[in-house]
Amino acid sequence: MKSWLSVLISLLWVALSFVLIVGVATVTGSPTLTDLIIHIGIFGLFAVSLNILIGYTGLIAFGHAMFFASGAYGFGLLMQTGHYSIPGAIVVSLGISIVIALVVGVVCLKTREIYFAFLTLAIQMMFYSTILSWVSLTGGDQGLTGGFAKPVFLGLDLTRSGDTFLFITAVVLATLGILWHITKTPFGYALRMIRDNAVRAEFFGLNINAYRLAAFVIASAAASVAGALMSLYVSSAYPNFGYWTMSGEAIFMIMLGGLNTFLGPLVGAAMLTLLNHYVTQYTQNYGLVLGIVILAYVLVLRKGLLDLIVEKFFPAGRAALRQTK
């Protein structure tokens with residue numbers, strides 16, 4: 001019964017969020033706002049997927065962008081063949097990323113803590129180097145060139161910006177809803193137990209490696225969906241999708257928004273995207289401004305914005321946060 005209730009709540013939140021976001025975009029009619037919402041949604045999904053590892057499982061991964069890139073390149077290459085519908089290409093690229101995640105996860109999870117983090121980074125850089133060197137397939141440092149056709153499906157013509165916005169928003173919200181539901185299942189609570197005390201979790205009969213591998217694959221799959229959506233939006237895929245700075249930005253988003261709330265990384269994505277959008281209008285020193293903001297967070301707030309808001313203004317949320325820490 002509780003499982004079905006959690007599913008219904010997830011569906012309700014997804015539906016309400018979709019109506020609200022589409023309503024705001026429709027009322028304003030601003031292409032800039034639509035573009036910002038799409039970027040916040042995609043990068044927010046990417047950051048939330050990484051937080052499944054960091055916040056819920058206790059695994060710090062520096063190479064998460066590899067799966068964003070695998071989703072983007074997989075989707076783009078499939079669409080360039082002209083034999084796939086958009087949903088079909090997303091599903092197939094997702095399957096490819098899951099296979100990659102299984103292999104990488106089995107290798108990386110033989111290590112722990114900082115060694116795990118740097119091993120994921122090393123494999124990501126190998127993946128990035130492959131993208132650059134396999135010019136005949138990936139286009140090298142130019143990325144996928146020539147774009148691709150976007151066949152109409154279910155009445156949606158994704159050559160139109162409005163339909164693209166609706167589709168990307170729906171997929172982002174649906175994926176976030178699935179991830180949220182996973183965190184509320186016994187599996188999600190088992191991940192928290194493993195994060196807090198792996199020895200005790202193993203004593204209670206949990207297969208630690210199996211749970212960690214499952215979390216790694218789930219997080220990688222969600223990152224792949226985000227990458228496929230970005231490829232759809234820009235009609236291409238670029239090497240920087242798989243560079244280490246992409247993983248670093250996702251970690252910044254988690255820091256800014258909050259590690260201990262599910263939507264904290266999404267809030268962080270909004271903050272970082274808006275910061276980039278407005279700061280670059282006035283100065284080219286974006287990196288300097290970003291460094292100052294992160295330094296202020298670490299020294300003054302010591303936690304993400306959404307974590308801070310929940311702790312300060314929502315008493316029930318304080319108890320929930322204590323359960324997730």
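The backbone N, Cα and C atoms fix where each Cβ goes, and this holds for glycine too.
The transmembrane segment annotation in TrEMBL covers 36-54, 59-78, 84-107, 114-135, 164-183, 213-238, 250-274, 286-305.
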Check for me, if you would, whether the transmembrane segment (213-238) reaches the transmembrane segment (36-54) - at least 3 Cβ pairs under 8 Å, residues 6 or more apart in sequence. yes
Quick tally over 84-107, 114-135, 164-183, 286-305 of CB pairs under 8 Å to the transmembrane segment (59-78) gives the top stretch as 114-135
For the transmembrane segment (36-54), find every same-chain residue at least 6 residues outside the stretch whose CB is under 8 Å from a CB in it, and list them. 21, 25, 60-61, 64, 68, 164-165, 168-169, 172-173, 175-176, 179, 182-183, 191, 215-216, 218-223, 225-227, 229-230, 233, 247, 249-251, 253-254, 257, 259, 262-266, 268-270, 272-274, 277
